[in-house]
4 protein chains.
Amino acid sequence: MPPAHPFDFGAIDDDEGDTLHEECGVFGVIGVTDAANFVALGLHALQHRGQEAGGIVTHAPDVGFQSVRRFGYVRDNFTDPETMAMLPGQLGIGHVRYSTAGSKGQTAIRDVQPFFGEFAMGGAAIAHNGNITNANALRRELIERGSIFQSSSDSECIIHLMARSLQKTIPDRMEDALRRVEGAFSIVAMTRTKLIGVRDPLGVRPLVLGRIGDGWALSSETCALDIIGAEFIREIEPGEMIVITDKGIESTYPFRPKRPRFCIFEHVYFSRPDSILGGRSVYETREAIGRELAKEAPVEADLVCPVPDSGTPAAIGFSLESGIPYAMGIIRNQYMGRTFIEPTEQIRNMGVRLKLNVNRALIRGKRVILVDDSVVRGTTSRKIKEMILDAGAREVHFRIASPPTAWPCFYGVDTPQREKLLAATMSEEEMRDHLQVDSLRFISLDGLYRAVGESRGRDASAPQYCDACFSGEYPVEPADMVEQGFRPKTAAE
Amino acid sequence: MPPAHPFDFGAIDDDEGDTLHEECGVFGVIGVTDAANFVALGLHALQHRGQEAGGIVTHAPDVGFQSVRRFGYVRDNFTDPETMAMLPGQLGIGHVRYSTAGSKGQTAIRDVQPFFGEFAMGGAAIAHNGNITNANALRRELIERGSIFQSSSDSECIIHLMARSLQKTIPDRMEDALRRVEGAFSIVAMTRTKLIGVRDPLGVRPLVLGRIGDGWALSSETCALDIIGAEFIREIEPGEMIVITDKGIESTYPFRPKRPRFCIFEHVYFSRPDSILGGRSVYETREAIGRELAKEAPVEADLVCPVPDSGTPAAIGFSLESGIPYAMGIIRNQYMGRTFIEPTEQIRNMGVRLKLNVNRALIRGKRVILVDDSVVRGTTSRKIKEMILDAGAREVHFRIASPPTAWPCFYGVDTPQREKLLAATMSEEEMRDHLQVDSLRFISLDGLYRAVGESRGRDASAPQYCDACFSGEYPVEPADMVEQGFRPKTAAE
Amino acid sequence: MPPAHPFDFGAIDDDEGDTLHEECGVFGVIGVTDAANFVALGLHALQHRGQEAGGIVTHAPDVGFQSVRRFGYVRDNFTDPETMAMLPGQLGIGHVRYSTAGSKGQTAIRDVQPFFGEFAMGGAAIAHNGNITNANALRRELIERGSIFQSSSDSECIIHLMARSLQKTIPDRMEDALRRVEGAFSIVAMTRTKLIGVRDPLGVRPLVLGRIGDGWALSSETCALDIIGAEFIREIEPGEMIVITDKGIESTYPFRPKRPRFCIFEHVYFSRPDSILGGRSVYETREAIGRELAKEAPVEADLVCPVPDSGTPAAIGFSLESGIPYAMGIIRNQYMGRTFIEPTEQIRNMGVRLKLNVNRALIRGKRVILVDDSVVRGTTSRKIKEMILDAGAREVHFRIASPPTAWPCFYGVDTPQREKLLAATMSEEEMRDHLQVDSLRFISLDGLYRAVGESRGRDASAPQYCDACFSGEYPVEPADMVEQGFRPKTAAE
Amino acid sequence: MPPAHPFDFGAIDDDEGDTLHEECGVFGVIGVTDAANFVALGLHALQHRGQEAGGIVTHAPDVGFQSVRRFGYVRDNFTDPETMAMLPGQLGIGHVRYSTAGSKGQTAIRDVQPFFGEFAMGGAAIAHNGNITNANALRRELIERGSIFQSSSDSECIIHLMARSLQKTIPDRMEDALRRVEGAFSIVAMTRTKLIGVRDPLGVRPLVLGRIGDGWALSSETCALDIIGAEFIREIEPGEMIVITDKGIESTYPFRPKRPRFCIFEHVYFSRPDSILGGRSVYETREAIGRELAKEAPVEADLVCPVPDSGTPAAIGFSLESGIPYAMGIIRNQYMGRTFIEPTEQIRNMGVRLKLNVNRALIRGKRVILVDDSVVRGTTSRKIKEMILDAGAREVHFRIASPPTAWPCFYGVDTPQREKLLAATMSEEEMRDHLQVDSLRFISLDGLYRAVGESRGRDASAPQYCDACFSGEYPVEPADMVEQGFRPKTAAE
């Protein structure tokens, strides 16, 4: 299994589970010659959403559906001419995935999407970003009726529900299936002639539409439209299903409408800074978060340094707002190497050193503000602080571009169990003591809402975003997890 | 052959030869348990100096010398316990290399260092950073006398000269050999009991000494001392040879003294920003270059954006000096992918898109200053300019953190032939027209000298650095190249 | 895809489809520590029955079912400790397969058995040797009802039929499923606690029972019992199902009884010569075929030479009966190499030369009898004849240890389409002319029956064996093939 | 390192060192288009002489010398078009090697031949079969003078001696070099325009000349001429050097003449049975050995069985002479698999079982004569005997087709140290008791000489062959080994 290579704006210490991971990215295209090449490029641009494995399915009239699914990077698996020649056709979809905490290291290739099913009226392939919160119950019911599951993925339920639907067309069967499903889903699917995109009624995960020549593309993020030179048209709406053929696009809203609750963490961390969300680049939003943070939690210091790379835009914002010079006090080694053998002599913070090095000559004697995107378990923050102090910094002030992460996500993000989250067991004060820094401040939930464009902050009675990881308020009951013993927030908390 | 993965502060488009590459990094350690693990970590930190191949040699009394040399990254080749168990001992050296332009793609594993020779008094291994400018003549002479060359590397001459020396000890033989050699060399070598470091009298390439527990380390850069937790002691002096045993360090100066001419491009580009050169972090020097550039070539604009990642520190300096906000207008995809199959539809600037994406929402309508480290062939600069304009920028101003690169390097850097260098055939004005940008300015040679700490600028009668790539003044006659037809600068130029 | 390495007594020219291939071998064991190691050894001994891919499934209480399925040889895939540690437990089954002509080169790993299904009452894995002749119809029906097929294998039908059965136990569901299935099957299956063996009512494919310590083994052939040191107990009877648990063995006969029709070609070619069939070693049967052939078709000659290796036992028998000395006139190169690049100069019979070489000094001037097991397309026979004549043989007489192969097999053997079979379009006389040999004789069908122990020869009204490949009399209607246009033998033929 | 796949007529248990191994095979060709393809085929036919690694060197005017050297089989390394395209030209040589006992498992790729050296007058490559008995002394002398050795191979001395020769042409330098060398050598070498073959004055190892179209081939054995369709012309004479160019062949005899002493074991075991030695096929010689053995050591029995595959021709001869029926009582599994994990339950003779299985049904109750080529350590013989008895044989009689192997070979064969040879420490009687068989007989040394064609047996005063492994009479003093403590036979022995 290949080591996960974090994206530029990705994680620094994911081997210890100290980062949240988006689980998936989806991409599809129709109406272009050699669709697989476009899908490969799109997935490459979405690699930060899932680094463990990827797959592409295409369809061409003479050879039917073709599928290649592999562990590892898109750049390694979908670039050689031999492989790409196995994926002919003008229509294709793809998926990149990150394994969830539970199955890490056990993922079989059969868990890698897109999934394919042969139905009486023809085949269909689907790629799913999100998480089905009632998958266990659905699976039990389907096995009882004679379905044979091939994977441990919750997404496979959708294919089996479709196989058992009494509808006549694949889009109709997909509607049928998705009405039984609870949770978050942004889906890209295909039949022999159709490219299909669907988003759950809350619209938790992103999905966008682009135009490429006479064809169309669907993607988790706009950055994947850029790489293929497609024009960004619009976001698929929460609860919308669109079916694209060579005749054009049909849009329907098959689900009971709900108030949308887009994942606010996509702004903070998951999406690429060059993607556009809500009409603004994610980079700008993050810079705004940094500015907001500088207003909420100012401190006197000599330098503002990002924890690279994910803290960079917020650190720039903090510097611009505060007037304190921005500097790269921590340098990131892009070559990775988490599995080096630790020399017998004691090397402190070995794991972090492989990826980060403090700019010692720069830091010495300075009061340093470190800006990071979030604190999950706190292990990395602690090591970074030590490295900074070892290098001779006079003061270390942490500023975090998100509120305390106190609750796990059940909608398609890989989070540790609740008791492993630092903020689940400590107050901000206690965390500061635990990390032994001169000060530690998180942006407020209201501040975050303001930075993402809600000028009046969070509407507590009807929050505009899904912020369950901060607030503990889950817009969809996580049924499977409750069955497994998860205790949701009580009124008292 | 693995694709080259540029370092964070490395190249963006090296597949087209539009970047200069340091050819080698060297590292050695003595007096530590499991020396190979330290060497592996050190080479990992030096990977930006050579990404094509790497090797480690160790010595342990019971098994003698052991060697592992492989194509690919240190993190891939020197991390599994099986390989590392093949390299026991408390003494070891290593090398990472980048192939030179001439032999690109033809490098055999036998060209990968360290080289090893068995002499009458025992074995020795050497790792060489630099380039021997009279290697062809030496090779002819040695073959005439019966030496059998195994590699196409100029460094092998040193081993054969040592084999034929009449001296009694290996350090003495090495002195003998190096007195015959012209050009640039920073060497780390080892015998059964000694770790040896040498630097040519001009001191063109860096070499530093560090203390680790009771042992010692030699490294091309200080960043590799940091990763193993070693203390940076001092630079090896130009013309100095040090021999380290368990008894301590002996220092001698075996060569005829010359005025030192350290490579000024190490400051501009080659060295890692967190390394220390001349008592200052390379990052700070680059920031100072950016400030100097802002003074020399100011322009009104809305944003200062680096060409990532190598332009970043100078862009920050430019922003700090000019007061124009710093922003990440170009986002880098760390996952690479130069070999994707180009879709049949026309995608403009496909190669660049795989690595860079413009932050479209941020750039639109703005006057943008792009700061890059250097212009080599100019192909990448042109593509980046187009992407920025496509994204809707109003004006594009290039500011380059080095003077025009008009001459090839023959001292250990991989440069294109002179006629391929944009600045060899065009004036600054012509280059601006060629790139079709609103303005283009390079830092002056004097400005660069000031930024690296020479407050009075360049001493034209006795330049403080090797700046042949800018000035055409070669401190050592490139004999082999002249023999092959290279025409040095004439008095008139 | 790995090259097929024919077994000692296997094929010589399978790249041109001039040999028949058994499609599968199955093996299972219960009640032994580390069952997977035994299964690996058993499959290794059965490798001649399927060289393309293999899989093993085991069950252990703490980890549940585990499965490893791979392309390539057992010796390459199931020998490293890491893989075997993934397959813990005292109960396991395995499968080796050869792809059928149709899907050659397209086999996906998902077509590799054993297949696994999770049912309401727990999981089960099955490994199938044979061929289901109504698989297409079954598959259509199952898809119509909502089953999702994952492979292109006919064997997957069995798992889906089991999933839909209303029975309460897995053996009962398997009975239900197999009653719907037509064709040939010898199956080894397992649940969490049971090892199951079944043979179709005709008993076309072999399946034997062995005792190993306190445990039991099921195997396609007895040679796989020998390798693990198990004692051969008995053959599973046609139509018998046995269920083995730690309580012992239960035997039932769930199908409507039929007169058994064991595959006579297992005696001629498929089974290993050291396996026991019908109480006698296959080697002895083949020697008897050679003796019978010498009686039926004597000829004066100097040497009897086998076409190695499959013709060896019959050639020995021919020599013993005729008194003509046995000699190795053709030597086999075990190192293979079908894909060498043909030199530009003309090399005659290049393909055959890579595997066979004529013992020129021995053959020169001699009258040679060549004994081969069968003639399929005749291409190899022709090349061998030419090599023998090139070496200076005076006469060449072919003697074939089976009757003319004039009909394809639909019961688990990979045969060319009927029109490619030499004997489908030519009489014995015409074949002799086609091959340009001095004489060509096949054993008679009655002679073959006598050699396998039926002293009165073939009972034309109720043949004792399945001999469809010779006689065109198919004991089970090949429904799928007829639907696809296969024309069975008419009364007139 | 790939497992050794014994040739058909090769070893059965080489993992335990219970077989003698030829160390090398050499092949060269000139005057044919795409010479490398011919060399690859030739080496494939010689794979039984060296299975660990192989290399090919070619020369073409435009690209010069090209070399590919790899571990593993010829069929795996020299068949893909990409590799072969790296080896253009009409002139090429190749080598297959087996590592010697000493360096087993430590062989580096740099020990793989052909070796190449660049001399003042141009390059040359050489491939060597044999062993230099004064290599250690030569190596010391050469290092003293400044030569750098790259391998641990004794053959590298030749290249360094050539580099230091004062002669003007490469053939002259090779003569110079070989006059300093003691021991056995059959060499194929090449310059830019010449193919060179040399055999030491004793002619210990074979070397033959063949005609292919307008070109020529040199090979260790004639079987490699057959595979490329070349005509066998003659053996290179002991002490002869031939130089082939496009002008023709020049033959000289540069060494002091000696009475030839060809290796008699080439007849017994090393050479392929279809090769021609001394005008007769090796197969016929081995059959004659079997006949001689039947005369010398008759015994009443029911079956004569070979230990496959190397005992096969002698067993056939024994059967023909004695009239006792020949039968394949032991079946060989060609799929190998020495590294299977031994199941925890006791499996007797696990190692042997992976390769051999007794034909139990055939052997039961019989008196069996087992014919093997030689007894080295005796471990395999003992295991085979046990398997035969387990299967129910009534009596077991071993007949060995060579005299007792009591002395190691120093002329290019990998033998265990003397004390590991069963015959070095036991009489024939003691060996019989040690193996616990009903009888054990070796052919006499005179009988062996008769079988290879010396009708009057061995000439004790001037033996016609090198039989040092049987007689302890070494035709060339093994200087290096004596220096390392080997005690040659004393007059008393």
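Any Cβ shown, glycine's included, is placed from N, Cα and C.
Any TrEMBL annotation is an automated prediction that lacks curation.
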Just to be sure I read the record right: D:Asp372, D:Asp373 are listed as binding Mg(2+) in TrEMBL. Which of D:Ser310, D:Ser427, D:Ser439 is listed for the same site? D:Ser310
Out of D:Cys24, D:Cys157, D:Cys409, which is the one TrEMBL records at the [4Fe-4S] cluster site of D:Cys263, D:Cys466, D:Cys469? D:Cys409
Do you know which of the binding-site residues D:Asp372, D:Asp373 has the most other C-beta atoms within 10 angstroms of its C-beta? D:Asp373
Provide the three-state secondary structure of D:Cys466 ([4Fe-4S] cluster binding site) computed with DSSP. strand
So what sits near D:Cys409 ([4Fe-4S] cluster binding site) in its own chain, CB-to-CB under 8 Å and at least six residues off in sequence? D:Leu20, D:Phe265, D:Thr415, D:Ala468, D:Cys469
Give the distance between the Cα atoms of D:Cys263 ([4Fe-4S] cluster binding site) and D:Ser310 (Mg(2+) binding site), rounded to the nearest whole Å. 18
An 8 Å radius from the center of the D:Ser310, D:Asp372, D:Asp373 Cβ atoms defines the neighbourhood of the Mg(2+) site; name the other residues of that chain inside it, in order. D:Tyr269, D:Pro306, D:Val307, D:Gly311, D:Ala314, D:Val371, D:Ser374, D:Ile400, D:Ala401
Between D:Ser310 (Mg(2+) binding site) and D:Cys24 (active site, nucleophile), how many Å separate their Cα atoms? 18
What is the nearest of the binding-site residues D:Asp372, D:Asp373, D:Cys466 to D:Cys24 (active site, nucleophile), using the Cα of each? D:Cys466
Integer Cα-Cα distance in angstrom, D:Asp373 (Mg(2+) binding site) to D:Cys466 ([4Fe-4S] cluster binding site): 18
So if I draw a 10 Å sphere around the Cβ of D:Cys466 ([4Fe-4S] cluster binding site), how many other Cβ atoms end up inside it? 26
Cα of D:Cys466 ([4Fe-4S] cluster binding site) to Cα of D:Asp372 (Mg(2+) binding site), in Å and rounded, measures 21
Averaging the per-residue pLDDT over the domain 'Glutamine amidotransferase type-2' (D:24-247), what integer do you get? 93
So if I draw a 10 Å sphere around the Cβ of D:Cys469 ([4Fe-4S] cluster binding site), how many other Cβ atoms end up inside it? 28
What is the total of other Cβ atoms whose distance to the Cβ of D:Cys263 ([4Fe-4S] cluster binding site) is within 10 Å? 26
Using the CB centroid of D:Cys263, D:Cys409, D:Cys466, D:Cys469 as the [4Fe-4S] cluster site centre, which other residues of the same chain sit with their CB within 8 A? D:Val204, D:Ile264, D:Phe265, D:Tyr411, D:Val413, D:Asp467, D:Ala468
